[in-house]
Amino acid sequence: MKSIDKSNYTPMMRQYLTIKEQYNDSLLFFRLGDFYELFFDDAHTASETLEIALTGREAGTKERVPMCGVPYHSAEGYIQRLIDYGFKVAICEQVEDPKEAKGIVKRDVVRLITPGTVMENGFIDERTNNFITTITEFETNFGVAYCDLTTGELYVSLLDKNEKRLLDEVLSVQGKELVVSKSFDHESIDTLKNHYGLTVSYESEISPVTGYHNLTSDLIDSRLTATINRLINYLVNTQKRNLEHIQKAKIYSVHEYLKMDVYSKRNLEISETLRSKTRKGSLLWLVDQSQTAMGGRLIKQWLDRPLIDKQAISRRYDIVQAFIDDFITREEIKKSLKNVYDLERLVGRISYGTANARDLMQLKSSLSEIPFIKEQLKTLNKEQKTDVNLDFDTFDPLFDLLDESINEEAPISLKDGGLIKDGFNEELDKLRDASTNGRKWIAELVAKEKERTGIKSLKVGFNKVFGYYIEIRKTNMHLLPEDSNYERKQTLTNSERFITPELKEKESMILGADEKAMSLEYELFVSIRDKVKQYMNELQKLAKRIAEIDALISFSLVSEENRFVRPKLTDKRHVDIKNGRHPVVEKVMKDSVYVENDVTMDGNTDLLLITGPNMSGKSTYMRQMALTVILAQVGCFVPADSATLPIFDKIFTRIGASDDLISGQSTFMVEMLEANNAILNATADSLIIFDEIGRGTATYDGMALAQSIIEYIHENIKAKTMFSTHYHELTNLEESLKRLKNVHVKAKEDNGELTFLHKVEFGPTDKSYGIQVAKLAELPVTLIKRSEAILKRLESNKESVLKEDDYNLFSLDFGTEEETALSPLSQEEQEVLETLENTNIFELTPIEAMNTLYKLQNKLKSNK
């Protein structure tokens, strides 16, 4: 907001402008009575985004100030929408009682809500972490730290000073907000903000924050400490409260995990599908059968960072196998886990001071299951010889405290009473008795007055203005005795309301007891909540143990239901998968039988060159290999009859062809950038998946590039590689490249009808079947015949293209079969053929295929 001369505004508006100056990059929710109001530019922005009315307010100037507002009691939903759009919201509250204010009520921002600091349950996906990330630049390194404020998880790492790797790491975290210093001027910041939608915030301070030294006490490297300090400074400054639930920083190295860049994760549909951007249809959707939100988040973390430590992977296999073998114990634990709530985020809210009585009841419900779960795991360890970590408490004293104190039917509000059980506090019981006895006296008063006056409809009511009153209908007023001590308080259309000295006395006693009881209940609740905080560290440890158990049970369920097998991990560079399957495609196929395929790459084979017609399953075959590796290295069993695999250090993929419209890069440029990333960073222990490299440019350019890439990988990198191509000429490379083997996906042609067999066999394919695929798309018969004629001429090797003399340039109609063989193609018809040649139909959804066909037909019709 532009600088404004405040002198002409009212005192309240001057107060607003002073506060707003400190939060220029945020929308200021300014509390006025029962509303949060927004003014000036904030009002325009909020009105447009939230679709609420834009009004105005007198503020001491000639023109009314633009204004819009939302009710205080329903503000959460509006704030959530603004956060989803990437805005920051500063909550400005009245910080003194208006009754005690001298002049303008004091107001101040009590919290800044940003995409990375959301704590409210309804704002975020319970099965996804809400990370906020920070970058700190050093002479030879970048420091990266990220924290989930809702769970308290905190991680930190040092990266080499390479901006591409920095970008990959920040994107792999999948955070919602990035904190940097204002002097951090790198192109990657613009990319993250404009291309990937991260909210960028600024914090310059990297000195330690009082009270948070324990978070970095285990860190020796000052660069790691400085990186953490920047993030903690930002969190403390924006949240303005104690954040003691944030855990000690965990140091990690990107070299400890299987690396996949953001493109590979996207192409392989690890956590969401390419087209719909939804979880359903992704690998995560398949393997996440967890019972708790904590388990779901952990599975996602594991899929994002598969292991490369053979011993750690094997430990997970052992536990998954134990849960499969002892399925009765597994089902008992699974049943108990359904009653375990999100302990990590419960602890976060308790520490944050926003936990209500229902949160504590959820904690109690969770704790009630822990002793049974621990006993079942002890039995599993003993009988199955596993080493499930049982280093967690059962919290009997904490359970007893919650069981004795918190009312199971407690309301969400902490100010309306009903939080604490009878018998927990003697003073509270006395106040409740006083209130109950007072109400009993009122009930007796009603009965007595009805009998004394003979007015059967006489009743006692209550409102906040008059308190308790006696109400008599006007039609019965003549029955009221003249010597009555009733004092008229209010006249309504059909009745009169009265008070009596005795009634006011009892009212004072009842309301005084109620007010004191509610105040005392709140104090008791806060005291109990603070006692729970004493168990915070142990509860966070429990949450980690439960999440791991839940995740491994999920792996066992998925493996059992889908006929997955335990992989054999080898130190040799051998891949031997028998009857492998794409786990997600197989799951979604309802009426069809999935065709299983082997993948064999022994010490003499590093590169499989895959040919076959479009729609035959080449891309699926390659994807299933990559997904099998990922499943194996997260500790899950894999979709195959048997699988022997090495430990891979990185996966690179280039699958699918599309322009990157956001960054303005063509299909071919995207292809080359992704290919270059693999060529520069792959090792002999990597897996490379390249699908149709070179199709984004002219035929001979594409073929030349594809061949040179194959040769470079074969001779220099030696990574296990699957390379599909429609350039059949490349199959001749098997003769010169010793570790390259041809495989093809079979198809059968019978009387011109093409059937895809989806079976992969050794050797090159004999033809592309492109025209047969065009027939399946039901292109015009005359166009198909023309294509066959051109293909026949090209295959004769007389010319690479037809000469002008071979057809009549001025005959545009399709005629007889003989005429069709020689008649020319118009520019539109040539474009249709080129589009068909370059379209990978297998990668299109049915709707996209229909749309493509519709456009091609229209192009042909427009030519007639």
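Even glycines carry a Cβ here, placed using N, Cα and C.
Caution: TrEMBL annotation is automatic and unverified by curators.
Record note: among 525-552, 609-636, 665-692, 525-552 is the stretch given as coiled coil by TrEMBL. Taken residue by residue with DSSP, Ser619 (ATP binding site) is part of a helix. Residues 151-152, 244-245, 247, 290-292, 294-295, 297-299, 302, 316, 319-320, 323, 333, 337, 340, 343-344, 346-347, 350-351, 353, 355, 357, 360, 363, 370, 373, 377, 388-393, 395, 398, 401-402, 405-406, 414, 419-420, 635 of the same chain lie 6+ residues outside the coiled coil (525-552) yet bring a C-beta within less than 8 angstroms of a C-beta in it. Fewest Cβ neighbours within 10 Å among the binding-site residues Asn614, Ser616, Ser619: this applies to Ser619. All chains included, 24 other C-beta atoms sit within 10 angstroms of the C-beta of Pro613 (ATP binding site).
Along the domain 'DNA mismatch repair proteins mutS family' (686-702), the predicted structure has mean pLDDT 81. Within 10 Å of the C-beta atom of Gly612 (ATP binding site) sit 28 other C-beta atoms, taking all shown protein chains into account.
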